[in-house]
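Single-structure report; data block below.
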Amino acid sequence: MNPFLELGIRHEIVNAITELGFEKPSPIQEKAIPVLLTGNDDFVGLAQTGTGKTAAFGLPLLEQLDFSFNQPQALVLCPTRELCLQIAKDLEKYAKNLDNVHVVAVYGGANIGDQLRQIRRGVQIVVATPGRMLDIIGRNAIDFSQVKYVVLDEADEMLNMGFQEDINNILSETPADKKTWLFSATMPREVRRIAQNYMTDPVELTVGTKNTGNENIEHQYFLIKAKDKYAAFKRIVDYYPEIFGIVFCRTKIETQEIAEALIKDGYNADSLHGDLSQQQRDKVMKRYRERNLQLLIATDVAARGIDVNDVTHVINYSLPDEVENYTHRSGRTARAGKTGISISLINVKEMSKIRHIEKIIGKSFERKQVPQGTEVCEKQLFALVDKVHNVEVQEDQINAFLPQILESLQDLTKEEVVKRFASLEFNRFLNYYKDAPDLNIEARESSRGDRDRDRDGGGRRTSKGFTRLFINLGSVDEFSRGEMLGFICNNSKISGKSIGKIDLKGVFTFFEVEDGEVNKVFQGFQGVNYNGRGVRIEVSGEGRSDRGSSNGRSRGGRSSDRNSGGGRGDRRDRGRSNGGGGFRDFSGKRRESKSRY
Ligand code: AMP
């Protein structure tokens, strides 16, 4: 017996979804459908996008609404126009064999007159984005008095997008005894609050672990220098000739720049961001869906609700500011039981962000090496060979030319012909990657390390008149050297001029302070916490400028002899121009946001 029938879904619907290729329920469907079919409970389902949520709530809705009368009985709220259209379309497909089912999609950026007309004609299911829904409610154009079910789909995204107030207002228009079904990929406090405020004893279901990304996603990161990012990105893309990816940037400008650079470099790419008109967005999405684009470069907001199956890679060209967005981004791949790869391009400072994401999603990232030029060439060569092997030959078209082609090539052996065909494409990559450097950070570091040593005269000597101090914060705490300078100056209330070399390490930093200012540093950092950790300052084992007195890592014996020092280069100037106040707020407390790194 068909497992959907066993769950209690009627034949007509099962036949329709079988045609869509649904053979057995996905995990969320298997768990949610029996609960929702009772129609007695509020419901909270924690599941990623692409797990089959639409049918999980859609099938029970179709089972329970009374289609013999034409009044709104179910309202589905979702964050974006794309998702709204998708859900409405899906519901219509599931209901294909049922009579008199009317679904309307209500979303912004489209003619409201058409939507109002459809509502007037009579609908039972309204799928809507919150803004347009409120607009229609405000016109008194809809009667929600018969609504039995409200579905909040991708609730976390709706709240991220600032729809909290709109949702409250819409819900207040629906009958008190309706049932509310909430689906969310993550469960931040705000979503939990909705559940508390609007639901009674909801049945809670989680597919996978809470906050955990889809199991079928492999999370990888590449450690590179910021300046090598674009080159490394292209190399990774070239390494996957069949890539069908979404590339996430943090800003519209970055999105545009990357897309333009890629187009110039001959890639099938385009950008999707908030400055595009709805028409332009639709056009880009159509090209992407139809696979005329291989790479879609998008901002988080623009990519919300993108529902394209078979995305092979999500590339975080820049990591998102909010950890939740990482889950949303990576959830664009590995949909409908497929596998996918989520790649992050990061520099050393961003390692702490990766660790933080790992904690939240409960999965480890694997560090990958940026492929060498030769590896890319090899990959491309074999992709080409595969293409030749699989190309569809249009016999009737090519046959007419075949004798002439064979004649032109008759002086070549089979091997020579093969070599030449392969070289047509292969040469391009060989030329491009000729002398391509290793972009992995160790390789870059070791060559730079030599240079630095030369410049520093071969050692880490403390400058004259300065004391070398240790602080238990470093690049993994997201400090650049400039930021560390600001942090020290702000807390110690000393000028940037008094700070010498700053040697930023992973979990700690050495920095030089004019001997006369050392006490201020110790005083300034007393009791300071950073990210919940006590900040610790010590005199570095290497000691002070008057080398020879070995203070070890103790706080005692600081010298008071003052020396003007010198030769500290531009950092000193930077400190001065910033006056100690122009840095990020590193007053020791750190921004407090649930979801930031
Ligand atoms: P959704 O999370 O509802 O957007 O679904 C993601 C994709 O999985 C869509 O393309 C659905 O058509 C597909 N899908 C949903 N349920 C099933 C199922 N039981 N079997 C096969 N495919 C499914």
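Our numbering is plain: 1 for the first residue shown, then up by one each step along the chain.
From the backbone N, Cα and C atoms, a Cβ is placed for every residue, glycine too.
TrEMBL entries are annotated by machine, without manual review.
Taken as a whole, the domain 'DEAD-box RNA helicase Q' (2-30) shows an average pLDDT of 95 in this prediction. The domain 'DEAD-box RNA helicase Q' annotation in TrEMBL covers 2-30.
The motif 'Q motif' annotation in TrEMBL covers 2-30. Sequence-distant contacts of the motif 'Q motif' (2-30), counting only residues of its own chain at least 6 positions beyond either end whose CB sits under 8 Å from a CB of the stretch, comprise 37, 45, 47, 51-53, 55-56, 59, 62-63, 93-98, 205, 207, 337.
Residues or ranges marked as domain 'Helicase ATP-binding' in TrEMBL: 34-205.
For the domain 'Helicase C-terminal' (235-378), DSSP puts the residue distribution at 62 helix, 27 strand, 55 coil. Marked as domain 'Helicase C-terminal' by TrEMBL: 235-378.
Per TrEMBL, the feature region 'Disordered' maps to 539-597.
According to TrEMBL, the compositional bias 'Basic and acidic residues' annotation covers 586-597.
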By DSSP, how many residues in the domain 'DEAD-box RNA helicase Q' (2-30) are helix, how many strand, and how many coil? 18 helix, 0 strand, 11 coil
